[in-house]
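Have a look at the structure below before the remarks.
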Amino acid sequence: MLGNYLKIAFRSLSKNRGYSFINITGLAVGMTCTVLIFLAVRHETSYDLNHANGARVYRVSTENIDEHVVHSGTFTSLPDVLRNEVPEIERVVPIWREWDALLGAAGTNTQFKETAYFVDNGFFRLLDRTWIAGDPKTALTQPNTVVLTKAYAEKLFGTADAVGKTVRFANTQDLLVTGVLANHPTTTNFPLDVLVSFPTLKRIKPDYDRYAWDGFGDNFQVYALLKPGAMPQEVMGRSAAILTKYKDREAALHQRFALTALSDLHYGDNFSGRTANVTMLRTLSVIGLFVLLIACFNFINLATAQAFKRAKEVGIRKAVGSNRRSLMYQFLTEAGLITGLAVLLVILLTWLTLPTVSNTLGLPLSAADLLTLPTGLFMLLLACLTTLLAGTYPAYRLSNMAPIWALANNVLTPKRQWFTVRQGLVVVQFTVSLILISCALLINQQLTLFRNADLGFNKAGIVVVGLPNNRPDKLQALRNQLATSAQIKDISFSFNSASAESNWMQGMQYRRGVAVTPIKTQLKMGDSHYLDTYGIQLLAGEKLRDSDTTAGAFKVIANEVFVSRMGFSQPNEAIGQRVYYGDGKEFATIVGVTRNFNVNSLHQQIDPTLIQVVPNNFYQAGIKLQTESPTIEAMQIVLAQIETAWKTTYPDQLFDYSFLDDTLAKAYKAETRTAQLIETATLLAILIACLGLYGLATFTAEQRTKEIGVRKVLGATTMSVVALLSKDFLKLVLIAIVLALPVAWYAMSQWLQHFAFHITIQWWVFALTGLLMVLLTLLTVSFQSVKAALMNPVKSLRSE
């Protein structure tokens, strides 16, 4: 029986090649989109799921209660307190991240810059790692020891047999390799290639904990393994007591500890540098569903339209004994065959487009992901669901015909009813396409704002170079070397740039009489050239001097937000005022006030900010070029000059650089990817909708051939015939516009709320969207309409 069904199905597909092509292509495009999205979502939701103790592992972060912001970093004094005073915790593991650490094989000239992580053996109780060599219980107990991954051992030494070899760290410290790990999987938030024993940190950076409870950065994080049965809320409930004891009561009112589960780390800041955007994943899933639905609606529309031609076939089959069930099986088999052929095309399209999708999303996807069991099962399930979704309704309608009525009328059902069904499906297709077009236009407007917004400082023409050490003599030597170049305007040494992804958070107080105002502050540490190099405008007071580093005589520059938190309305009112550091023991005097500038990305409001000279924390050089947009040749010359100065000052260090504007643009990678995804989905939705629209236009023209012939005989012009065939589709577009634009406006309004700085939605975007859809519809329909209008009426009326 199945063989007979398949034979009839192949015969039907062969007889109607045009409609078969549209159906197979439309379904293939829709299903390919769905499969690609499945691969992306599956990858993003499978991070760190297979650790034995994973359900009990949490990151202890610091939450700003007032601003509802959770920082991944925390206080350097917290680990000992958690070990000694929180009974719910079984093990505490601090991790210090050292950016751009210079590593080399001892006795060779081979050197690489790599992020090194200082951990203790407890790390391997939290996360399961496969050991190639070494003892996980003792590998990182002693100072000056390091564990490498197999890939990094081969990179340094040319072999994975690295235990017992020596790694030169920052050209100052020798580390003994005590273990080699198997390469980490791609789905981990801890892709740590270089793990140095935590006792080594105390030798390399003896003052790493000098801020204790006063401030923190994201480079120091704390992870905890809770005891079986312990709840994270119990640990969080101890925040107030700990902060009151080791800081003050005021701090406990504005801060607390937040525990982030291991399974949730991928949705926020983590060591992998790849963050899953929940909004994007949901958007991807919705897009995949919509594109697939559009493809299925195409199939339904064209299948029901074809029913007019198959009415006699159904009537004859019923007359000779076929029952409704067998007819439904027959038509579902045809739908299954079309879906099966589409699946073959899906595999090819997915294989061809996966590299591009992987690059766009920034995910390590490969063709191997297509060969996994979950992917195979998903494609099988998708094929079955698509067959049922696209084939059930047409099969039901076709099998429901009364044989005598079908044979007598050669039509399936009254025209009005069938037109209404197809009309609703076409409206849905247009509605989805209009929503996607509107969203794509508005997202691109927001990205344009990101690129062109006034940040309060100058980001163009600044080369950023990391500093291997901050010895004053080295910094001065580098400045002297760079100052000889006519291509360089200014140089500033600092903790980081005017705007950075990671900033130093510092608790400050302003005291007026007995009143104390706590101010959570972004502390920017830079030298006397900081304002000039980054083009930050000074509104009142004076600039900092490099000598403003004496305890008891610290001087700072505040921004306008900080001044307003102090209670002043004019910048000059803050000049000469004292502000106190977290514990209230030390203070600094405000000597200047700057215009507000975005220390973070445009996702966030401008925070209270202080600028202070702290030479011990100068880790990078910002080099301002004379020209903001130099030619390629000029840029090559100045980069060569910077490299020469670098090698003269730091002959044993690797030279590396970046451009500030490029670095800042990375903060909007998620939005850029979302825009690319929406644009791609829009093109796919329009392609599928146009294929279906073309098929329906063809069917409509065929159905009304004799009517057109009569109209032309009676004097109708070509334009009037085109208008006749197009107006019904234009009505559908207008209905879709009315439905789609409010939805698009609401969706984008909600999305824009994620940004402190965002565009205002303007009416012309929706007007342009509607106009584009009208033109696209006319273009698609007009081809068949003009063809039908130009047909010789004698041919169309010959059979009458």
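For all residues, glycine too, the Cβ spot is worked out from N, Cα and C.
On the 0 to 100 pLDDT scale, the model's mean across the domain 'MacB-like periplasmic core' (20-237) is 90. Residues annotated as domain 'MacB-like periplasmic core' in TrEMBL: 20-237.
According to TrEMBL, the feature domain 'ABC3 transporter permease C-terminal' maps to 286-403 (among others).
Marked as domain 'ABC3 transporter permease C-terminal' by TrEMBL: 682-793 (among others).
What TrEMBL records for 21-41 (among others) is transmembrane segment.
Summarising the annotation, TrEMBL assigns transmembrane segment to 284-308 (among others). Beyond the ends of the transmembrane segment (284-308), by six or more residues, the same chain brings 16, 19, 22-23, 26-27, 29-31, 33-34, 37-38, 40-41, 331, 335, 338, 386, 389-391, 393-394, 397-398, 410-412, 418, 421-422, 425-426, 428-429, 432-433, 436, 677-678, 681, 684-685, 688-689, 691-692, 695-696, 699, 703 to within a C-beta distance below 8 angstroms of the stretch.
Per TrEMBL, transmembrane segment is recorded for 329-351 (among others).
As annotated by TrEMBL, transmembrane segment applies to 371-391 (among others). Packing against the transmembrane segment (371-391) from elsewhere in the chain are residues 27, 31, 34-35, 38-39, 42, 292-293, 295-296, 299-300, 303, 331-332, 334-336, 339-340, 342-343, 346-347: each is 6 or more residues past its ends and has a CB under 8 Å from a CB in it.
Per TrEMBL, transmembrane segment is recorded for 424-443 (among others).
According to TrEMBL, the transmembrane segment annotation covers 681-701 (among others).
Residues or ranges marked as transmembrane segment by TrEMBL: 729-749 (among others).
For 761-781 (among others), the entry in TrEMBL reads transmembrane segment.
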Counts of helix, strand and coil residues, the domain 'ABC3 transporter permease C-terminal' (682-793), according to DSSP | 94 helix, 0 strand, 18 coil
